[in-house]
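So that you can see what the record holds, here are the features copied from Swiss-Prot:
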{"type": "ACT_SITE", "residues": "D90", "note": "active site, proton acceptor"}
{"type": "BINDING", "residues": "D90, S91, G92, G93, F94, D144, Q193, G220", "note": "substrate binding site"}
{"type": "REGION", "residues": "251-257", "note": "region 'RNA binding'"}
{"type": "ACT_SITE", "residues": "D270", "note": "active site, nucleophile"}
{"type": "REGION", "residues": "275-279", "note": "region 'RNA binding'"}
{"type": "BINDING", "residues": "C308, C310, C313, H339", "note": "Zn(2+) binding site"}
Amino acid sequence: MLNFELITTDGNARRGRVTLNHGVVETPIFMPVGTYGSVKAMSPLELNEIGAHIILGNTFHLWLRPGLDVVNAHEGLHKFIGWDKPILTDSGGFQVFSLGDLRKITEDGVTFASPVNGDKLFLSPEISMQIQRTLNSDIVMQFDECTPYEIDGRAATHEEAAKSMRMSLRWAKRSRDEFERLANPNALFGIVQGGMYEDLRDESLAGLSELDFHGFAIGGLSVGEPKEDMMRVLEHVAPRLPAHKPHYLMGVGTPEDLVAGVAAGVDMFDCVMPTRNARNGWLFTRFGDVKIKNAAHRNDPRPLDESCACYTCRNFSRAYLHHLHRVGEILGARLNTIHNLHYYLQLMREMREAIEHHRFADFRRQFAADRARGTQ
């Protein structure tokens, strides 16, 4: 089940509400990534406390470990991981195509060697839909080929991007057919591909629109292309997506990317950046980024961001976070992750409020000025 209510707009920016089988998601929203069924360093309780409405799980990795038998014994991913709110699962396609020489692509699907134990495995649109049905995720993604930005060290040609996109379209129909055959009560999103070529993106969207997906994602961005190319494609595709369906930008990105995405008409985002950067001591704040390992923070008694209400900023100094990072304490990674995810989710809250009050352009200007100011 999916119901999307478009509450209001401000330019191309959209304030919406997505109702799914496990709850309501206020949009625009950021989805923390829980690759193996866990958002790294965070408990479900902590995710609730910082305002996460929905998290992302990885079909490919959960299929390999712990395996579908284990998840099925818990009647799905929600009970297995102790999370009672919505979950989106990707199709596994991106991970398979990231294996490079370890995989072989045909019209049927992808044959590859398991990165866990080397076993020969096969993943197809049908198998991806079956796995995601067992996981019982609220939002299922079609199986697609993520068109690479580079092939053999050069930009993908129009012909290469077209071939890849058209196979993804054929796989989209097979995904839709299998989703319906399984009588899956959840939602299925199609993925717009086409590389850096606007005409191919238009062709992809036209083909997907005929299949009547519950929502639409923009794939194949943030895969190594220059930022200006990413923004060019994003600003071309997002306003053309069906207005009455949710819009999801996959795997993006920085705080600046989220604001630009919302301005273009995107409702949903996911990225490992806030969690991965947190573990590496790279912290996002309203006034720019903090690299906590730097010696400048050794004796700094201030919080990361005095305007931030997260547990980390309310209780600990930059000096303590610097110390934890330098000595490799696990608590450092946890406190950093709490802060970064809180910052991302607070940013989304502020954008929702700005759109509601039709002052998104003012918000965007202030956001850019604050981030450019830098931390003192």
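Easy rule for this one: first residue shown is 1, then count along the chain.
The backbone N, Cα and C atoms fix where each Cβ goes, glycine too.
Everything Swiss-Prot records as a feature, shown here on the structure.
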{"residue": "D90", "record": "active site, proton acceptor", "Cβ within 10 Å": "31"}
{"residue": "S91", "record": "substrate binding site", "Cβ within 10 Å": "27"}
{"residue": "G92", "record": "substrate binding site", "Cβ within 10 Å": "24"}
{"residue": "G93", "record": "substrate binding site", "Cβ within 10 Å": "25"}
{"residue": "F94", "record": "substrate binding site", "Cβ within 10 Å": "21"}
{"residue": "D144", "record": "substrate binding site", "Cβ within 10 Å": "31"}
{"residue": "Q193", "record": "substrate binding site", "Cβ within 10 Å": "29"}
{"residue": "C308", "record": "Zn(2+) binding site", "Cβ within 10 Å": "18"}
{"residue": "C313", "record": "Zn(2+) binding site", "Cβ within 10 Å": "24"}
{"residue": "H339", "record": "Zn(2+) binding site", "Cβ within 10 Å": "28"}
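Of all Cβ atoms in the protein chains displayed, 32 besides its own lie within 10 Å of the Cβ of G220 (substrate binding site). Taking all protein chains in view, 21 other C-beta atoms sit within 10 angstroms of the C-beta of C310 (Zn(2+) binding site). Listed in sequence order, F30, M31, P32, V33, L56, L88, Y248, M250, G251 are the same-chain residues six or more apart from D270 (active site, nucleophile) with CB atoms under 8 A from its CB. Shown for the region 'RNA binding' (275-279): DSSP residue counts in helix, strand and coil, namely 5 helix, 0 strand, 0 coil. Across the residues the record lists as binding substrate (D90, S91, G92, G93, F94, D144, Q193, G220), the two Cα atoms farthest apart are 16 Å from each other. In this structure, D270 (active site, nucleophile) is part of a beta strand by DSSP. Secondary structure by DSSP for the region 'RNA binding' (251-257): 3 helix, 0 strand, 4 coil. In three-state terms derived from DSSP, D90 (active site, proton acceptor) belongs to an extended strand segment. Each residue in P303, L304, D305, A309, Y311, T312, R314, I338, H342, Y343 lies on the same chain as C308, C310, C313, H339 and has a C-beta within 8 Å of the C-beta centroid of that Zn(2+) site, without being one of the site residues. Within 8 Å of the Cβ centroid of the substrate site, not counting the listed residues D90, S91, G92, G93, F94, D144, Q193, G220, the chain contributes F97, M141, Q142, F143, E145, C146, S168, I191, G219, M250. The binding-site residues shown are C308, C310, C313, H339; of these, the one with its CA atom nearest the CA of D144 (substrate binding site) is H339. Ranked by Cα separation from C313 (Zn(2+) binding site), the recorded positions D90, S91, G92, F94, G220 are led by D90.
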